Amino acid sequence: MELGDDPAVAREGDLPAIVARGLVKRFDDVVAVDGLDLRVPRGMVYCLLGPNGAGKTTAVRMLATLTAPDAGTVLIEGVDVRDDGARVRRLIGLTGQLASVDDAMSGEENLVLIARLLGLRGDRARQRARRLLAAFELADDAGRLVKTYSGGMRRRLDLAASLVVTPRVLFLDEPTTGLDPVGRLRVWAVVRALTRRGTTVLLTTQQLEEADALAHRIAVLDRGRVVAEGTPAQLKASVGSGAVRVRVADADTRDAAAELLAAATGGEVTLGDDPLALSVRPAGEREAARALAALTDGGVELTEFSIGRPTLDEVFLALTGRDETTAEAVAA
Amino acid sequence: MKTPTSSPVAPTHVADIVDDGTAPNPAGAVAASAAFAWRGLLKIRHVPEQLVDATIGPVLLLVSFTYLFGGAIDGSPGAYLQFVLPGVLVMAVLLTTPYAGIALAADRGRGVIDRFRSLPVWTGAPLVGGVAGDAVRSTLAATTVVAVGLVLGFDADGGVAGLLAGVALVVIFAFAVSWILTACALALRSESAVQGTGMTGVFLLVFLSNVFVDPATLPAALETVVGLNPISHLTTAVRGLLSGTSEAGDVVLVLVEAAAITALFAPLTWRGYRAS
Ligand SMILES: Nc1ncnc2c1ncn2[C@@H]1O[C@H](COP(=O)(O)OP(=O)(O)OP(=O)(O)O)[C@@H](O)[C@H]1O
Ligand SMILES: [Mg+2]
């Protein structure tokens, strides 16, 4: 889907941080990535959004030099991954989907090892490790074996490990999976801080909310292909207006409410699994306002209502045409 | 939810997340391998049992073989010590060879290998470093056996030079054997499988060698097997070095075998590692 030009892209018009052309990766009979094209301008947070098995991890591994593509090219800051993997690895950082820290070492030792490998010597390595541990609130646990860390602590350490030397391009594969809400906000803050310093971040997620909150641009992946690409706003606009959602006070009044909504908007009314919930997708904002008025005029008591732009959930459904991700049944 | 206005990370900390902008040059192949060897040895600190394996284990082996079986096999503990010490040296050192392989299997089970492979350092550094860490352990085990043997009354007729050469030969051979186990680690995919294979393999090879018995006393078929076993060649060469009766041919044979094992299994490990 073609979705117009983003001003941010035009402004950063020079060398993009990441370019992928026609990437393909097969595993036996599965085509994990099937002709992927990406262009990520510098300094951007770019999000690969897709369900389980969409090919996000495989794509990131190819971009980060870990897996050789079966076809296609990858340029990181203009350097071809195939020609000069070593130079690309000097530019990138990666936090994979599996926490890639060593359980049998302490948090500090994990970071010191990486600092030494990246060329920081002696005390400088230890200082950098300590700073990062403090920044990720692991200072008190620095000397403990990672084996004894909680999942969230391990995830934070893993993220710190990819920032020992600030990378030009950072790949994060589902960085917030398994984190609590505060942990998630922390990761978001880190991502924003990095982009302010000029790092380009490509992250994958299954959470539409995360892509919406963080990404400048989103590519929606399904079965190894990009099915849509654009800013969060463009993607939402491409699906049309958002739904009016209401919850009635009394389940017995729901059918009456549905009739009122259908009459007021001419749209299809959706009844939720929740016996109190229903929603409708009006043609525009005026119709949406009219729909709410119809309910109150009709004497239906509501406990909640909202008028939203479409959520990325709805975008995703509309783009992939698959509805197993939603619990809502469409009423006639 | 849209962009949160207040960040849960304190501003000072966000500044710490980025570095000072002076990106250093990544470690070269040697420095990177040394960093990985350091990592391997750190584990001795965290899992002190490994140190026990490398020191107390061999001591127990030596003392029990000398005093429990010595009288029965050779008539007197002293005479048997003279025979068995080089063999115990070989066995103790071989038992330290699986650590690099075990660590490799563990790294691969989690995403640790991915992290290392995404760093701008020589791809072989984790492998060479890990095996080098094993060599430090082997040296420790060998030194322990020799020291305890001398205390128990071992006559080192080969002198200090013979002792050093014997220890060096065993450590070189163990270095080669470590590569077999790293290759296995990449094929077997689990730590416990590597540990099991390593230990079973070492015990099998040791018992089918001249470590504990004189092959001349064995049935002919078994004697042939024992004669072909590289562990027997190693033990013979070490006996010669320690007792000052060494023949150059024995030592050269062991070095050739160690080189052959390394030439076969280091590239296999390398290939498995690149493909993983
Ligand atoms: N090493 C592999 N061997 C065989 N098949 C693989 C391998 N890696 C991935 N696949 C297959 O490729 C497809 C894409 O997998 P991938 O891990 O890239 O998806 P993903 O989008 O990251 O999913 P998730 O959200 O679950 O992490 C899946 O069908 C998966 O089974
Ligand atoms: Mg994945």
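Cβ coordinates come from backbone N, Cα and C, glycine included.
According to TrEMBL, the protein has these features:
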type     : residues  : note
DOMAIN   : B:49-276  : domain 'ABC transmembrane type-2'
TRANSMEM : B:51-73   : transmembrane segment
TRANSMEM : B:79-106  : transmembrane segment
TRANSMEM : B:127-154 : transmembrane segment
TRANSMEM : B:160-181 : transmembrane segment
TRANSMEM : B:193-213 : transmembrane segment
TRANSMEM : B:251-270 : transmembrane segment
Contacting positions for the transmembrane segment (B:160-181) when only residues 6+ beyond its ends and CB under 8 Å are counted: 86, 89-90, 93-94, 96-102, 131, 134-135, 138-139, 142-143, 146, 194, 197-198, 201, 230, 234, 237-238, 241-244, 246, 251, 254-255, 257-259, 261-262, 265-266, 268-269
Among the ranges B:51-73, B:79-106, B:127-154, B:193-213, the one whose Cβ pairs under 8 Å to the transmembrane segment (B:251-270) are most numerous: B:127-154
Residues from the same chain, set at least six apart from the ends of the transmembrane segment (B:51-73), whose C-beta lies under 8 A from its own: 44, 79-81, 84-85, 88-89, 91-92, 95-96, 137-138, 140-141, 144-145, 148-149, 152, 212-213
Residue numbers, six or more beyond the limits of the transmembrane segment (B:127-154), whose CB comes under 8 Å of its CB atoms: 32-41, 44, 50-51, 53-55, 57-59, 62-63, 66, 78, 81-82, 85, 88-89, 92-93, 95-97, 99-100, 103-104, 163, 166-167, 170-171, 174-175, 178-179, 182, 242, 266, 269-270, 273
